[in-house]
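The following features are taken from Swiss-Prot:
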ACT_SITE  73  active site, charge relay system
ACT_SITE  121  active site, charge relay system
ACT_SITE  216  active site, charge relay system
DISULFID  58-74  disulfide bond
DISULFID  155-222  disulfide bond
DISULFID  186-202  disulfide bond
DISULFID  212-243  disulfide bond
DOMAIN    29-267  domain 'Peptidase S1'
SIGNAL    1-16  signal peptide
């Protein structure tokens, strides 16, 4: 029964998640752009303590009131973390935003930092306290288990990652339109080849828009037919040649491959 309840709250069946009070403004701007404030209300900034300051390192998605979904490669056992929710500007303490300590991190047991191409780049962060849901802080939905998006499906990556290779980190949350690249194409030798696995999603590769350093762990947001946004991907890796590289789309952990793992972690922790 507990497991069934967890699945019912996490998976995109109920409209209690994935429907922002302030819907995102989806323009046709090429490249990234400032997101409408609070239009991705499950987006979090994962920050670590360093020399008395808190520094943004990765993104994440609030999927339960005390659980955040992020990438395994974002987590180091030697660091102390917190998450910031309900925020548009990282430098401003905004009304309605909250900062919560991370009490526990659970990294996928098959994740190997020396074998990024094997996938399983997924982690869950348990928060020290539950986050109250408001018009600025809402839960992200998970897609149904096994869901595979078709080629050219429109999604949006969000985060505070660099605007370009070796570029500046933005203060304002960014959004970028990415088209899904199906596995048959992305695994072609002239694209990512065997580096890409079926537990991943490719999106982008147009040489213009991509995720970049600082976006890691954040969501690939894709809208379902019922207008509900679902977190289909977790920003995992890009090309060593740089961000926005042609035929080297951003690679995401495919969330729909890990529904059972997510439910099990939450149930047992």
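Cβ coordinates are placed from backbone N, Cα and C, and glycine is handled just like the others.
Sequence features, as recorded in Swiss-Prot, placed on the structure.
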residue	record	Cβ within 10 Å
58	disulfide bond	28
73	active site, charge relay system	21
74	disulfide bond	25
121	active site, charge relay system	28
155	disulfide bond	23
186	disulfide bond	23
202	disulfide bond	25
216	active site, charge relay system	24
222	disulfide bond	23
Handout entry: Shortest C-alpha distance to residue 155 (disulfide bond) - which of the active-site residues 73, 121, 216
Key = 216
Fill in the blank from the handout: Per DSSP (helix/strand/coil reduction), residue 73 (active site, charge relay system) sits in helix
Practice task
Between residue 58 (disulfide bond) and residue 216 (active site, charge relay system), find the distance joining the two CA atoms and give it rounded to the nearest Å.
Solution key: 5
Completion exercise
The active-site residues listed are 73, 121, 216; by CA-CA distance, the one closest to residue 222 (disulfide bond) is 216
Handout entry: Pairwise Cα distance for residue 73 (active site, charge relay system)/residue 121 (active site, charge relay system) [Å, integer]
Key = 6
Completion exercise
Students should find that the Cα atoms of residue 74 (disulfide bond) and residue 186 (disulfide bond) sit apart, in Å rounded to an integer, by 24
Problem - For residue 155 (disulfide bond), the three-state class that DSSP assigns - result: strand
